Amino acid sequence: MSPQTETKASVGFKAGVKDYKLTYYTPDYQTKDTDILAAFRVTPQPGVPPEEAGAAVAAESSTGTWTTVWTDGLTSLDRYKGRCYGLEPVPGEENQYIAYVAYPLDLFEEGSVTNMFTSIVGNVFGFKALRALRLEDLRVPPAYSKTFQGPPHGIQVERDKLNKYGRPLLGCTIKPKLGLSAKNYGRAVYECLRGGLDFTKDDENVNSQPFMRWRDRFLFCAEAIYKAQAETGEIKGHYLNATAGTCEEMIKRAVCARELGVPIVMHDYLTGGFTANTSLAHYCRDNGLLLHIHRAMHAVIDRQKNHGMHFRVLAKALRLSGGDHIHAGTVVGKLEGERDITLGFVDLLRDDFIEKDRSRGIYFTQDWVSLPGVLPVASGGIHVWHMPALTEIFGDDSVLQFGGGTLGHPWGNAPGAVANRVALEACVQARNEGRDLAREGNDIIREASKWSPELAAACEVWKEIKFEFAAVDTLDK
């Protein structure tokens with residue numbers, strides 16, 4: 001190469017490493033309505049300035065790499081780069097900051113949660129300059145959310161399909177979760193639905209194991225559903241878990257469920273993956289199936305307060321990817337969940353427009369426009385004494401799911417279902433009459449138990465059961 005050519009090639013390009021903050025920290029940037037906005041909890045390594053850490057997050061999750069490259073000159077970094085536009089210290093924490101990052105919409109493929117997460121929560125989480133990193137919240141602009149189908153049907157369509165209004169829906173996870181034969185499993189499903197529940201559910205672990213192959217389970221559960229419907233006059237459902245080792249097998253199971261005429265199938269969306277989940281959601285919308293979503297594996301991602309991703313982000317991702325129900329904790333049961341935080345992401349699942357509210361952990365105003373809502377499912381360590389609190393906390397647009405709280409009844413499965421249905425109807429009636437469920441809840445249950453022996457027996461069994469542990473994931477004070 002001649003000296004003259006070498007000089008021309010090097011114009012505007014200087015090899016080497018430069019601080020991220022020189023390019024990616026832009027505190028004067030005015031965010032656009034079309035930007036995807038992220039709030040990261042950043043814990044820099046000792047000696048790394050917070051501005052450099054925030055800029056590094058913006059760079060490594062968008063266009064940046066560890067050194068200057070000459071191909072930067074072949075594109076417009078100003079158009080495509082992520083920008084750290086704000087930093088604030090976390091109250092009560094040493095060396096933790098909330099870094100606000102804006103991403104141009106053109107960085108992401110339309111209708112793909114997989115692509116969005118590959119960038120925003122990809123390699124940057126292993127970056128050595130950061131001791132820990134957590135994605136606290138994400139603002140998805142309407143320009144991007146409108147490229148998604150979202151939930152297959154949504155809350156109102158589900159109520160119309162089921163012809164059930166004015167109260168939470170009642171469910172039950174069949175236990176023991178593993179080991180039952182398909183015939184005995186179907187028997188438990190029938191007894192619970194016959195006793196008054198709206199739904200029963202496969203546990204997330206139930207796929208197609210040697211003790212109960214999926215097709216056998218589907219057939220016995222369908223028989224149980226039709227028998228219970230005929231005897232009660234109510235529409236019933238069982239969440240048939242279609243999760244499988246391949247997308248093709250998953251769709252095959254969903255096709256079988258549709259051919260059996262059942263109303264709903266189920267998917268483990270984190271272990272199954274967002275691509276598989278979106279594919280199943282599209283199939284469900286096209287074929288009239290409701291889709292129940294289980295969040296197995298979420299705590300691996302969201303439970304640590306300084307690293308990972310908050311569940312409110314996973315909830316938003318699910319609303320984009322597609323699901324009509326999703327598990328959302330209980331506040332009062334055995335699983336993690338502080339009240340204000342839980343109600344924050346419950347609103348993000350159900351409502352069309354959610355205002356920024358840091359007291360509930362919501363960092364950005366979120367406008368879903370017309371994307372259908374998702375029913376939150378309260379499940380895990382709950383029983384009849386929790387019914388007033390659950391009805392008051394979650395309201396009508398929810399599913400209250402009692403596994404052990406139904407099947408653990410001393411008289412059997414059907415009386416357990418009766419006890420839960422009576423408790424729910426008593427709480428809804430009391431609320432509609434203007435009574436305070438939070439203050440009078442126990443009295444309401446005791447009054448109802450006087451004319452329901454099934455409820456009285458349940459009250460006696462679970463009167464001392466509590467799960468009183470402090471939540472790990474709490475709001476910053």
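Just so you know, glycine gets a Cβ as well, placed from its N, Cα and C.
Long-range neighbours of K175 (active site, proton acceptor) (same chain, six or more residues apart, CB within less than 8 Å of its CB): D203, G403, G404, L407. Per Swiss-Prot, active site, proton acceptor is recorded for K175 (among others), and the stated evidence type is sequence analysis.
Sequence-distant contacts of H294 (active site, proton acceptor), defined by Cβ-Cβ distance under 8 angstroms and a gap of at least six in the same chain, are E204, N241, M266, H267, D268, Y269, I326, H327. Under the heading active site, proton acceptor, Swiss-Prot lists H294 (among others), citing sequence analysis as support.
The annotation substrate binding site is assigned in Swiss-Prot to N123, T173, K177, R295, H327, S379. Annotation for T173 (substrate binding site): spatial neighbours T200, K201, D202, D203, S379, Q401, G403, criterion Cβ-Cβ under 8 Å with sequence separation of six or more.
The Cβ of D203 (Mg(2+) binding site) has 18 neighbouring Cβ atoms from other residues within 10 Å, across all protein chains displayed. The feature Mg(2+) binding site is assigned by Swiss-Prot to K201, D203, E204, with sequence analysis given as support.
Sequence annotations record features per position, and here Swiss-Prot assigns N-acetylproline to P3.
Per Swiss-Prot, N6,N6,N6-trimethyllysine is recorded for K14, and the stated evidence type is sequence analysis.
Residues or ranges marked as N6-carboxylysine by Swiss-Prot: K201.
Among the features that Swiss-Prot reports, site 'Transition state stabilizer' is placed at K334, with the record citing sequence analysis.
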Inquiry  = I'd like the number of other C-beta atoms within 10 A of the C-beta of H327 (substrate binding site), please.
reply    = 21
Ask   = How many other Cβ atoms sit within 10 Å of the Cβ of N123 (substrate binding site)?
value = 10
Key: Cβ neighbour count within 10 Å of E204 (Mg(2+) binding site)   = 21
Remark   = Ranked by how many other Cβ atoms lie within 10 Å of their Cβ, the binding-site residues K177, K201, R295, S379 are led by K201
